[in-house]
């Protein structure tokens, strides 16, 4: 039978026809067979039973395709569910270890590398400060430092993101990627939590988490809208409630979970921790461009758009050597 493009050839016409059948698929099928009966010799033109055989074969073919599609969809959903459960369990384990007091923690290679980078940056900052006191740095360096301090003035007081690009707060911990957010809320109770003990209400722009009969741990307006039907929550180890939220806008970092939370400095977020591989190619290229432009701006270098303009200008100047651009001003 025909390929996908051939199958979709009459979709517009059939969809318009289907929308005029208030009785649904049954009425649409009846109209189709009525057309075959009245306008063709489908039922009487061939041998006995040929029409019925053709209908049965066609139904069997498309039924197999439909069942295959449904199985593949279920497999994808199950894989996503397992991934979310594993992520929630990992988050709950981290939250539980943090509430159980100081412990020796073995760092992963990535965490160790990031920690070493922070130590090196701190040493560089100390050396820089010492050089400033000794007067060994020239005035342009001092001017750059003052400009950086002025630029970051509005970010003073904001929290530094945790390793998951979220925040570690007194009563809960949250992490995020561009497309989703995970939250772990540990409860200090002397019994194993069950679903009936909890009040978890996920709405498009509001979240509430707490114990029944107790003041809610979280009860506020979310930073932005979430897909309620794709969000979920569960209880880990009988002590920690984990919540998974799917963002509607997958092109932004949240600076807080709910409006009552302190803000994190989204400029210090590490984009590499997010799952760019989960995004479609178009969205991924846009995000990578945003990340590149952000890095360029932080270093005082031209963005990708500015680089393109410079290349076009340079090409034009090369093609017109007779023109004098020395006194020209470019924006």
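Cβ atoms are placed via backbone N, Cα and C, with glycine included.
Range annotated as motif 'Nuclear localization signal' by Swiss-Prot, chosen from 54-60, 61-67, 68-74, 103-109: 68-74. Swiss-Prot assigns the feature region 'Disordered' to one of the listed ranges (3-44, 129-170), namely 129-170.
Of the listed residues (232, 259, 281), Swiss-Prot tags 259 with phosphoserine; the rest carry no such note in the record, though that does not show they lack it.
In space, 285 is the closest of the modified residues 239, 259, 260, 285 to residue 60 (phosphoserine), judged by Cα positions. Taken as a whole, the domain 'CS' (167-258) shows an average pLDDT of 93 in this prediction. The separation of residue 239 (N6-acetyllysine) from residue 260 (phosphoserine), Cα to Cα, is 24 Å.
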